[in-house]
Amino acid sequence: MDQAPEESGVAPLRGTLCLTGHHLLLSPGLQMTSELWLRLLRSVAEAVRLGGDSGIITQRCKDLRVLQLEILDAEESLDIARSIEMAQLLSPGAVLPGIGITSFPFFYPFKGLRLRDAWHFHPPERYYKRTAREVGAVLGEANEDFSLSADDDALALSARFRRGGRFPVLSYHHALSGTVLLRSSQPLTGPQKRRRAEELLRAGLAGARPGARGFIVDTRSAQAAKQARVTDAGTEAKAAYRGWKRRHRPLERGRPPQESFMCLVEACGDLEQSIDHWLSRLEGCHWLPHVKEALSTTCLAAQGMEREGACILVHGAEGTDSTLLVTSLAQLILDPLSRTMAGIQELVERDWIQVSGHLAPALRPPSRNPASLCPWLCPLPRPVTPSSCTMPTWPSHLFLDCVWQLGRQFPLSLEFGEGLLLALFEHAYPSPFGTFLCNRRDGLCEVRTRTHFLWSGLNQPKEQRRLWSPIYTPSPLAIWPSVEPWSLRLWQGLFLRWICPPEPSGAAWEKGWQIVTDKEKTELLQPSFSLWAPTLNAGSLDSG
Amino acid sequence: MEHIRTTKVEQVKLLDRFSTSNKSLTGTLYLTATHLLFIDSHQKETWILHHHIALVEKLALTTSGCPLVIQCKNFRIVHFIVPRERDCHDIYNSLLQLSKQAKYEDLYAFSYNPKQNDAERLQGWQRIDLAQEYARMGVPNSNWQLSDANREYKICETYPRELYVPRIASKPIIVGSSKFRSKGRFPVLSYYHGHKEAAICRCSQPLSGFSARCLEDEHLLQAISKANPVNHCMYVMDTRPKLNAMANRAAGKGYENEDNYSNIRFQFVGIENIHVMRSSLQKLLEVNGTKGLSVSDFYSGLESSGWLRHIKAVLDAAIFLAKAVMVESASVLVHCSDGWDRTSQVCALGSLLLDPYYRTIKGFVVLIEKDWISFGHKFSERCGHLDGDPKEVSPVFTQFLECVWHLTEQFPQAFEFNEAFLLQIHEHIHSCQFGNFLGNCQKEREELKLKEKTYSLWPFLLDDQKKYLNPLYISTSPKFTVLEPNTVSFNFKFWRNMYHQFDRTLHPRQSVFNIIMNMNEQNKQLEKDIEDLESKIKQCKNKPTDGILTKELINSIHPESPTLKTSLCFKEQTLLPVNHALRTIEGSNPADNRYREYAEEFSKAEPGVVSLEYGVARMTC
């Protein structure tokens, strides 16, 4: 069917629209360039059809793009809008009776990749083994296969004591100061349960330097933590945790950051607004304060470890979103290994994909049943209601933005560039890869065998220039970001990516690469000459 | 120096401006004839030129001493605590005297001596030659000629001696027109676009009042439009807001009446006057000086200061100008009230957009020399070099630099210079160390005999080019001949490295430019090595069998490439095992960042103990 889609800020394109099982495809007429234009159906967050006989569909995509399709026939436009809506309703892992799994990653033929390749590229076990060597294996196996080590009573007790069974686990071991970063969920403070959890944390302290102190960073405000007592949860009682002190750093979670994000996306869509209007909207969105709070809480935790030599336990209510945000950012600040390409992939895999279980509220509203011991050991994902999937935001938007801020302040210290962050952002939503598909590691065993793995897709050599930073210089030092308001900037590459394409800066990036590769070329030539010289020498001696 | 009573004060504390817990460095304060110097216990030196001081304040006495706050024109703010009030008072008085000189002859430039002889100094002044610049543009030509009307500054005191006017404009017309223009600043050529044969001209407002007209002035404008063979219709841009221009009519000034002039299109572009700009910057600095500023307050402060709005207005005007020349091949006449503030901004930025030459280091210097210095931007009054009317001070040139910075942000490959170059120029418009920016017009500069008594800044910048080069610069890209910046609101950002350039601790940074620069240089060095070696190998092949020579060849690799050596050292350094002294990256220290206040919570004792301490403190106080 013929129609003219219009992109904001781009000249309208005329062509034929095709709707397949997974894609929305626009092919321009023969007279035009062969430019094809493809969207995954699931990437459409919202398709609004205007009333009347105009036949205009406005699509808001999850990658922040806004498309307008003008379809000549009003009847057809209605059909298309309905089809798109239907496609959204399907959960990614949904098994339809008689059809089987419909999700696209199961059908994605990636050129140059074999199935089952590299699903074990970054096994978290490897990381824990490495750390275990350093720590002396105090904390037990990290919940391998989601079954608690049966012989370790303390762990099991602690698990029962913590909301959702998320007992304190090791997130990062800082070798230099011998301190550890732990994370958990809030304690369930029943009168009998108090003593038992102490054992575990004492063990944590014992593993660190003698005389080390411990700090519990609660990502809720003191008041919110008190309120949680109503549901038999709350905070660690001071008396029961000798050697541990509690600090509250309220980080907003759930709805507020999500609304801020959406509000900012909307503000960025208006090209005509005056500077004053733009600044007041930027302020009103309140997104950057979230970034600032996340970074400063992280720095507090990281500094506690590095400077004060204290062990840190981070938890909020569930021990998921904001807790993960803090622990993973702290690693980026302290751990030079996690700032490499392999390191960040390992970190995302370990902290967000495998352990979190909370990656995809985009796909499924989180279970909030306090009675259930392990709500994150979820059943198969259910189909979602449309209301919960309009432009959602997983907590890692905040994570990605924080990492971007780190990268902007320390351009030499990250081995990956903005490209990787954008790729992660894109793939966390509809993606041809199966990595982000379900909420838990073994949620769908078939994901592993029948879909491609994101990291193998990203680690292709052809992606190098886009994802890697040309100017990375390894350094073993910690990077302490500035959290002053003027040091934090709007992430234009994300929020404005479809509005003002960053052409010149992209060209500058390319030029940076060119200079670096030139350097490598000449450096490679250099040793070949010096190697060559002795042979010449030998030859000349021979003939002499 | 008669103003200095105390030259050295010990045990002075330097407070961190943004710390909420009053952290400080202790050191010694020295007062010299030209500088205030603070050396802290780590032997780190802080030099403050007296001429940079905008404001000295003595705050109320505290238990630890007498606080002295110094605000500088380059946006440095230091907060000392001097233990004895008498010392503080002495220093305060000395600084008051030293920072506000009454005579030009007392400025630093007249005593500064970089150890050059007279010939070298003169040569330095001749490095920038405006006649050469006009020749580069292609004037004089068949339509434009050099006028000798102002040779003795008889027609206009604030214009330079050499002025370019349309060939058909006779001297009586020029004289007549100058009488009709404020301060005699009649329309003259600022930039000539050789390819489009269009000209950018500048002048001051006409003395038109409500109905006055001047035939000579009308003739001169017509001559300008006729000097453009492509498009006879010209634009007249009044860079003021319409309301301001109308108000001027009551004072017998105002703007051109379109009916009286043939072939002109009149346009207001609405840039605010120097007083609005001054208070806007004042607000901006106030917001940014707040301790514990939240992100929301920062943005609402940024909005209410209106600073970015003004920057956008200037840039928009320049874009309008560039478009008129590029798209319509039309000549443009730019004026404001007196034609030395907004007019300079718009003409300079417009030429910068049109001509890639002005985006080189040398070209940018030429541009400043031409549109700012020679056409009489009142540097001494706007920068407050002497003790004068504070209402004449305004950050007009700072705004121009900020506009250029915004362009470099949007076009990272189009400029030969980097941010450091802009900051360095900004530093020196206030420093009074060189003669370039002293005085308010060329006539005044000649009377001061600046070329004999002071040095020019430009040779120092041009000879030190390496520091200011942008490694990403592409000199010959057709994409960047004319810049078309996008002035959508998102593109206007707070220039942190200008307004917080001395708050080093607040924003850790790693310089991408430096590392790319080094890599570029290493590349060149290595390529040179390869060439050398190849030529030597050829020699070897020609000369049969010489063991010594080949040994030489091997040895020659390292000695010849010092940069490679340094790069190897650099790599070794980064691979060094981590010791406790070396835990952070350049300037990035958790103790310097704001979250250290949170960290102090860690060190706090248990609440019970704290309250006891409070009790004790109260009893002792």
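Even glycines carry a Cβ here, placed using N, Cα and C.
Automatic prediction, not curation, is the source of TrEMBL annotations.
If you check TrEMBL, you get these features:
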- B:CYS336: active site, phosphocysteine intermediate (ACT_SITE)
- B:ASN273, B:ILE274, B:CYS336, B:SER337, B:ASP338, B:GLY339, B:TRP340, B:ASP341, B:ARG342: substrate binding site (BINDING)
- B:516-543: coiled coil (COILED)
- B:124-499: domain 'Myotubularin phosphatase' (DOMAIN)
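The structure, with features from TrEMBL marked on it.
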residue  : record                                    : DSSP class
B:ASN273 : substrate binding site                    : coil
B:CYS336 : active site, phosphocysteine intermediate : coil
B:ARG342 : substrate binding site                    : helix
With a 10 Å radius around each C-beta, find which of these recorded positions (B:ASN273, B:CYS336, B:ASP338, B:TRP340, B:ARG342) has the fewest other C-beta atoms nearby. B:ASN273
Quick one: Cα separation, B:ASN273 (substrate binding site) versus B:CYS336 (active site, phosphocysteine intermediate), in Å? 9
Can you give me the Cα-Cα distance between B:ARG342 (substrate binding site) and the residue listed as 'active site, phosphocysteine intermediate' in Å, rounded to a whole number? 6
Excluding B:ASN273, B:ILE274, B:CYS336, B:SER337, B:ASP338, B:GLY339, B:TRP340, B:ASP341, B:ARG342, please set out which residues of the same chain place their CB within 8 Å of the center of the CB atoms of the substrate site, keeping sequence order. B:SER204, B:THR239, B:ARG240, B:THR343
Taking every pair from B:ASN273, B:ILE274, B:CYS336, B:SER337, B:ASP338, B:GLY339, B:TRP340, B:ASP341, B:ARG342, which the record gives as binding substrate, the longest CA to CA distance in angstrom is 12
On average, residues of the coiled coil (B:516-543) score a pLDDT of 83
